[in-house]
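Undergrad: According to TrEMBL, the protein carries these features:
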{"type": "TRANSMEM", "residues": "26-48", "note": "transmembrane segment"}
{"type": "DOMAIN", "residues": "41-290", "note": "domain 'G-protein coupled receptors family 1 profile'"}
{"type": "TRANSMEM", "residues": "60-82", "note": "transmembrane segment"}
{"type": "TRANSMEM", "residues": "102-120", "note": "transmembrane segment"}
{"type": "TRANSMEM", "residues": "141-168", "note": "transmembrane segment"}
{"type": "TRANSMEM", "residues": "204-228", "note": "transmembrane segment"}
{"type": "TRANSMEM", "residues": "240-260", "note": "transmembrane segment"}
{"type": "TRANSMEM", "residues": "272-292", "note": "transmembrane segment"}
Amino acid sequence: MALANLTSSREFLLLGLMDGTDIHPLLFLLFLGVYLLNALGNLSMVVLVRSDTALHSPMYYFLGHLSLVDVCFTTVTVPRLLAGLLHPGQAVSFQGCFAQMYFFVALGITESYLLAAMSYDRAVAVCRPLHYGAVMTSGRCAALVAASWLLAHLHSLLHTLLISALSYPRSAHVRHFFCDMTVMLSLAISDTSAAETAIFSEGLAVVLTPLLLVSLSYARILVAVLGVRSAGGRRRAFSTCGAHLVVVSLFFGSVLSVYFRPSSAYSARYDRLASVVYAVITPTLNPFIYSLRNKEVKGALRKGLRWRAAPQEV
């Protein structure tokens, strides 16, 4: 069936973020601004981490990869979202639809495991500061990042193959701004019970694992911070960890609410709203919450700006 789907002339019509055929120029400008802010913040982090030796540490190594994933993650979906706001009803081929779904799922899972690796790094730094260098070696950091990418792509490949093997009408309306798994399952005209069972069981394990690691890491950090005698130190730690937990909660909360419920509970309106949270808002907030608030990053940014301004002064 998957081969037949690939060789057929099936196509899907993406109805976009909003119902109806009206154009939404104000929403277009809003999401365009968010997307440009996302690209600016995340690409700036990638460049800073690679170019400034002061940021060559495990924490910023993970942040650099997270920023790269975030800018790719939004690029998979936001351009079509923008096009749909001005021209509702974008046609997309079967191959193009499932290629988008593959990269969206792969990048989303990569992000979740990178968030887990970053929380583990912070837990080691807070709870075992004297052993930090011995635990977070460059080899271990590279292995964590490589495992995040590999596991995410294997997970995405499995889900894409399962869903693409289902039967679909020759032409179907997709009430979403991208080809998402839940939408494609709801459009299938063949039995989806086997695919749903496999996706729910394997997917739940893949998504809950990083969530559990994040929860355990921040629990250890909380216990360690509560043992700090300085009120100022506790306040700074709670401020930083609180901001991190808000972003993590937004990401994992919206993902779980969309993907881990039966297809009978599918709601196009809710899915589109939740998708904006984890696919657009969270990746845009990440560079500002995790990095651009740090003194080291601000110093590297000022250094870079001075270096660019120096030739003009001469």
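Numbers here mean position along the shown chain, with the first residue as 1.
Cβ atoms are placed via backbone N, Cα and C, with glycine included.
A TrEMBL annotation is a machine prediction, not a hand-curated record.
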Undergrad: Quick one: do the transmembrane segment (60-82) and the transmembrane segment (141-168) reach 3+ CB pairs under 8 Å, ignoring pairs fewer than 6 apart in sequence?
TA: yes
Undergrad: State the mean pLDDT for the domain 'G-protein coupled receptors family 1 profile' (41-290).
TA: 87
